[in-house]
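What TrEMBL annotates here:
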REPEAT    55-96  repeat 'WD'
REPEAT    97-138  repeat 'WD'
REPEAT    139-180  repeat 'WD'
REPEAT    181-222  repeat 'WD'
Amino acid sequence: MLPKAPESAVPGKNTTVLSIPGSSDRFSTSALMERLPSRWPKPVWHAPWKNYRVISGHLGWVRSIAFDPGNEWFCTGSADRTIKIWDLASGTLKLTLTGHIEQVRGLAVSQRHTYLFSAGDDKQVKCWDLEQNKVIRSYHGHLSGVYCLALHPTIDVLLTGGRDSVCRVWDIRTKAHVSALTGHDNTVCSVFARPTDPQVVTGSHDTTIKFWDLVAGKTMCTLTHHKKSVRAMALHPKEKSFASASADNIKKWSLPKGEFLHNMLSQQKTILNAMAVNEDGVLATAGDNGSMWFWDWKSGHNFQQEQTIVQP
């Protein structure tokens, strides 16, 4: 005869039967536990995305892309050392800008001026006037290739990060090197700026994300959750939050404090080079293996996976 499980009955309390090893396993305890509704948000349904146009023209990898604030054209920078400007509606080539002597790694279009900024492996950061279609300013100071650049949304300042582990701050008009944000131990490969503190956020190959005080030129805080290089970051256009992508996970953070919110619910298992989020709460991440995954921002659910077609 097997010993019976003790039945403790406290009046007015929910009784849960505990099964003791060796007792008859006729009940499982999970059947008697109270089911708590999940606190996790349900994924919002998003319409599936479809590729409707492939534009070819570059002779090398396309390393960077930037859109015109008016949404009429966009520009791409490539390993063939050129910047090409394309019409958004028709996909036709409008202009090719030459001037870099190595691949173009970063592009940004100004919201307030008719300027396009580009950065490349040739240590050069250039400002192009799109009315004359030529370089009007160059910013010298990086000791190695420049991997990313961003424009400050409210003041005329340009931020560039590169292989010299420094994020440099430039005055757009005077070409002056305002400050160098030092602290990373490896290449700074992603950067974005926002109007309020932390005004600058950088991600690096040293696996950390740093928030910077632009006025003091010092680190406000360092996020060390990632285990691999943080190659891409995306600031949410409406919420006070951003996402960071690395080969281990895509993580979501709150601003301005930098509290870790959650990981995306699946892993793409590849090096992620690009990431973008739109106002409808769709996050897109693109990986080294040619995969592009679409995520629901709120719940972190991956609702679509696309694979690129090899171009001849």
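Every residue gets a Cβ built from N, Cα and C, even glycine.
Quick caveat, the model's predicted, so the values are computed rather than measured.
With DSSP states grouped into helix (H, G, I), strand (E, B) and coil, the repeat 'WD' (55-96) comes out at 0 helix, 22 strand, 20 coil. Sorting each residue of the repeat 'WD' (181-222) by its DSSP state yields 0 helix, 23 strand, 19 coil.
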